[in-house]
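This report concerns only the one structure given below.
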Amino acid sequence: MSNIVIVGAQWGDEGKGKIADTLAEKADLVVRYQGGNNAGHTLVVNGKKTFLHLIPSGVLRQHTKCVIGHGVVLDPVALDEEITRLQAKGIAISAENLFVSESCTIITSYHKLLDAVRESNTSEKIGTTGKGIGPAYEDKVSRKGIKFKHLFDKDLLRSRLAISLAEKETLFRDLYKVEYPTLEQEFDKLFALGQKLKQYAADTFSIIDQAIAAGKNVVYEGAQGVLLDVDYGTYPFVTSSNTSVAGVYSGATTAGHGLDHVIGITKAYTTRVGEGPFPTELFDDVGKFIQHKGGEIGVTTGRIRRCGWLDLPLLKYSAKCSNLTSIALTKVDVLSDMDTLKVCIGYKYEGKEIYCAYPGIDLYKVEPILVEMEPFSIDETVTKDNMPAALKTYLKTIENHVGIPISSLAYGPSREQILFFEDYFKKG
């Protein structure tokens, strides 16, 4: 039995879905524990791409059960559409392999509208996906939220909707002056969706608890990345949930269950979508080359990702925030055959050199300390035995500065293009 957590160690888009899909081969459960359909995971199997936003990456494995934990904010429209799209591709999804927590907070049309009008009416853009994630978490924390189980009870749903709409109605009408669905329109839509999705509702807390007690393998699949964590991230340019390992305990299981591995998924370079500081960002042809070769376009938003060199002070910070046990390095192939290769090992900041970021640091004011690395060349024939010396040096540089080992290396989009240096399912 192993409890394994997959955490994004950067600003998201690190390739968590690929690693989760690979580990799902031996997993009994794959669990999403935070975020919502602002996540976008791409799986490539036999040359065919599958895009996931809510459903865990274990869905392509016939024996693996997929769980959406109570920490996820759930857009029932998006879930219904995703299930329909996957089923149309011949992917089996039923109440036998998909379990959605009855306690998930629901995203309504009001949340999505509020998200959109706020972003369009402010001069300080956050770069939100516009999916209603933040407003839904606001309602959850202020006790105005609607739970998944509320969709199945007409009276309860109507009363919860009235509570949720009360303040928003004034904002829509008087401040933003936009049209919005009436309570009855939203009620009719949500109740109908509830009847359709009710088959997937489950006590996921007990499902996970019983699986662990029975010695099953459980993989917890995070969304976004530690640097977008609402507490640890580059605030205010963050998401609205705990994307660090802390989200596992608040969004899926209990602290009484130990974690065997916390794997930080990390690109061999750095990317970011939307606004916010980015110390190693490249604005030249090298950045454009990485962007093009890496296919750096957001699955959820379709926005071009900003690209830069690997930032080890931020990676070390992420490792500390989530108590990472190892790193899964992805998209190494993107850096193959480059004329120039650099890595950031530290910052010059306020007259000092620092080698690990921290919550109070102003990343807009740091000067990255970049070191030249010897370029390397790899292709699909790379193995642990024939790995070029320059790549080994690149990996060792990361390990030495961050202080934890690299446990796997992904060198292409398909599930077969990955080297494992550690068996995550082998204890001790």
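Yeah, the Cβs are placed from backbone N, Cα and C, and that goes for glycine too.
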*Which candidate from T108, T204, T239 does Swiss-Prot annotate alongside D13, E14, G15, K16, N38, A39, G40, H41, T129, R143, Q224, R303 at the IMP binding site?*
T239
*Rounded to the nearest angstrom, how far is the Cα of N38 (IMP binding site) from the Cα of V299 (substrate binding site)?*
9
_Sparsest-packed among the binding-site residues, when each Cβ's other Cβ atoms within 10 Å are tallied, from N38, T42, T129, Q224_ = T42
_I'd like to confirm something. Which of the recorded positions, D13, K18, V332, has a Cα closest to the Cα of G40 (IMP binding site)?_
D13
*asked:* I'm trying to understand the geometry here, so how far is the Cα atom of Q224 (IMP binding site) from the Cα atom of H41 (active site, proton donor), in Å to the nearest whole number?
replied: 10
*For R303 (IMP binding site), which residues of its chain lie six or more apart in sequence with Cβ-Cβ distance below 8 Å?*
V273, G274, I297
*asked:* I want to verify one value. Collapsing DSSP to three states, which class is G12 (GTP binding site)?
replied: coil
*Which one of these binding-site residues has the most other Cβ atoms within 10 Å of its own Cβ: V299, I304, V332?*
V332
